[in-house]
Every structure is written in C-alpha cells, then in structure tokens.
Amino acid sequence: MLPLPSCSLPILLLFLLPSVPIESQPPPSTLPPFLAPEWDLLSPRVVLSRGAPAGPPLLFLLEAGAFRESAGAPANRSRRGVSETAPASRRGELAVCDAVSGWVTDRRTAVDLRGREVEVLGEVPAAGGSPLRQYFFETRCKADNAEEGGPGAGGGGCRGVDRRHWVSECKAKQSYVRALTADAQGRVGWRWIRIDTACVCTLLSRTGRA
C-alpha cells in the first residue's frame, strides 16, 4: 500500500517561494520634484541654493568682459564689482543707460507667460536634504537722485542723445526665466516668469509728434 502524501508539503513549498519585499511608499509631497530635464531650461540668472550666491553668474561676468585683463597686467578681481566689469582699455566709454545688477532674494510674485500674476515659491524641495531657495539675478535701470532722473538713469533721458530731435528714456527690459510658482488656484508648477534683465534706451522722434 502506497503511503499517503504528507499534508505538510504545500506548507513547505509556501516557505520556499521567493519573498517579494514590500517597499513603503513615501507620503506624497505638496510640491513637485525637480525633474532632471528642467535643468536644461534654467537660466544662468536663476540659482537654486541653500544660501545667497556670493557673486554674479559666471556667464554674466564673461559677457561683461570681467575676465579680459590687459596683457602682462596682474589680475586683481578682489575689488571688481558688478559695476566695474569693463576692460581697462574701455574705461573712457559711457553707457547710454546706467544699469545696476544684483541678486533678488525676496521675490514673492511675478507675471507668467500668459500675463497672469503668480506666486514665486520661496522653497524648492530637494531629494535627501533641506529645501533649496530660488534666487534671481536681475538688472535694472540705476535710479537717480533727481526727481525727474538725470541722463542715463531710469526714467530719465538717454546719455548722448540729441534732445532737439529725439525724446529718449531709459527703461527696464524683461526676459522670461523658469521658476517654481503657484497660480491663483494653488496649482504648483514650473512656469516662465518675467524678470528685469537689462536697461535699454527707447527713442521717439520729435518730428513725428503732434
């Protein structure tokens, strides 16, 4: 007579099956993670950091000629500020409009690509660490002490323009940069917002005015 199969065999096979680990899911974050492709859309004028940047963006210094030292002269960048980026051979040149640049550390609102006002979030979530803050390097027209603004200052006429034939004014020019924002409905996402990036001269012919 053949022996009956043991009833413990199914239990033994159950313990021999490979176990599948169950990973705990992290709680959903209220802010979206910073995806890798977004880094390609970030402007040099935007920095995500836990502390305010110590100096201007490198690209800004290169465009301004801060690293073009005269031949044979020792480099002395310790005293070079944002307003002193012109090469030594061009010290006699004057800008049509005076501009001042610096990091904006307390931006709260901005206008997006659709012309709507959005809230600029103060913190950006970072994996495995404390959140980052958003800093914007903006360039604006330099204010003048005079009430109406002097030549080259914001709100004043452009330097070197013949006032007999032209009406000129120095105005801030804006560009779009990527930033983490929230709209009026509370929807959080990366949007294009406008920030001041230059001070330009606008002209209006006096002969064409009424």
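Positions of Cβ are set from backbone N, Cα and C atoms, glycine also.
Note: Swiss-Prot links CYS199 through a disulfide bond to CYS141 (candidates: CYS7, CYS141). In the three-state DSSP scheme, CYS199 (disulfide bond) is classed as strand.
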